[in-house]
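To keep things clear, I will list the structure first and then write my remarks on it.
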């Protein structure tokens, strides 16, 4: 494990061909495949797995790509345990079929052996603007391009991928793989315009001049706890910390120009996948890391495998505690926390944490990272007249992703609030189908 | 890639560069900025939009560290990796009657575009540009052209009024009715100068310059305290009501990476080649 701590190489090395075939042979090829229902993009899982069992890897890739243009990414970051694998009939008896690992194997193998693009329909002459190049935007773009529409993606950063590029670290999702899958989407005829912030570089009137608009702007606005000392030097949002490292390669400073405070003692607050990512990145930058979470360890919303990896990499977990103040003169010197007790179960089925009065204690720290969640960035949506949002700032959409403005659709985190990559893709796929239907009816 | 169309030195360590960036130039307004990444291993730095002409945009900057020193080596025909903008909320320009637009040092770069828009909105525009000495003054001709009146100050008295912009501003406030004041310059200069308008209760805008990464509101690196609330300068600003700004916190946060900035600069001057971290695929 010490070896992995030094670098950002991928932790999970993936299946060998032999193991992939053996694993595929475990699939029962159910008549009513519940696994497919568990997949938000509806991949024909038994069909691709049968092809793996027959060693027809090209065929397997074609089956997957009929429904999902980002399989190497999904195979790595989907929470399969609560989706396809959670529904697998074998999950009830022993272990579910490792669908995620097989999807990843097929995608990685195809990338190494030369990729084949799925068919693209005849051009329809319709133009669709996609705002944001994260999982939702890329999925919508790929689907719409395959339906024959001319798709332009607007991305404000200098690289495409959204959270796949700036959020999820290299050791979970190698950037070369993200780039390769984005190239596949572009090869379908999708134009990606980087460095274009819609609403600023592209006026809203210009955007609304397209035949349809898809908003996949995500939930990139970081929440801060709003406590004393939060603006001291060394306090980061997880978004900033991860962007500096993942997008700007601050781990390679000064070869790359962007710096990051590495810290000797880092405290991270939060319990989701973003918190795990931030903690594991901080470990790789050489710090002793404590993760503070207000509920119990069994309540952690992060994927079990991420929690396990974080433990193995030496992240200390301090559960039933919550920061109340950042201590320091000009820079962070410590984080004052309070212990929490679990009271009655709340509406979400989780225990409600309550501060234990007088239990304050201070953790020594020189870097403090807040990973308590993100909301939708309000900038663009505030500029489109008539676009309604619900209380938490998410866009109001119907089942097919229609917003309150005609011809404008939205999906992914912008519509649902921060969720998973695959949920964003699933909702984007539905919206793309609805856009296609609407455009063809015109 | 974004092509450099013109690059000139304006004074000691101060440079101007015109770059072809249609998506920025066509939509830029006074008070907005852009973010530049010079090359593939570069960092993203914010620079105020100083002027536009067709599809080109001008920025003026002082070479103070690795990135700006590298930018200063760029000549006509060279390319920059990335430019995104215009970013931030435009200046609140309307008819205030008489406005004063103050630029300090390299902050003068931001003033002609504000002065021009203020003039077009029907204001009587008074400019004050100040620097340590006469050799560090920039854009005098442009300000002369766009302002109804222009005052020049130098700390050493080598040109114009011997002293600070605040002295001239105070005199103006005593004599006339001023509707609004803009101040752009180093944080300490903005802090000191903006105090002058408090007793006169004159609306005063300052353009804050905190550390930024994305410039689109997704990280909070540029957070500043305004009226007791946390704001993101890149989307809520960069211009804010000067009398509400916590300048001490801003200046403290600006110093967050002084050690790293020094290291990066030393690395830039002493190492052309690097040791193989793997990030750039061994291209360097």
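Even glycines carry a Cβ here, placed using N, Cα and C.
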Of the candidates B:180, B:234, the one that TrEMBL places in the [2Fe-2S] cluster site of B:219, B:222: B:234
CB within-chain contacts under 8 A for residue B:234 ([2Fe-2S] cluster binding site), separation at least 6: B:46, B:87, B:88, B:212, B:214, B:215, B:216, B:217, B:222
Coarse DSSP state, helix versus strand versus coil, of residue B:234 ([2Fe-2S] cluster binding site): helix
Helix, strand and coil totals (DSSP H, G, I; E, B; other) for the domain 'FAD-binding FR-type' (B:1-93): 10 helix, 45 strand, 38 coil
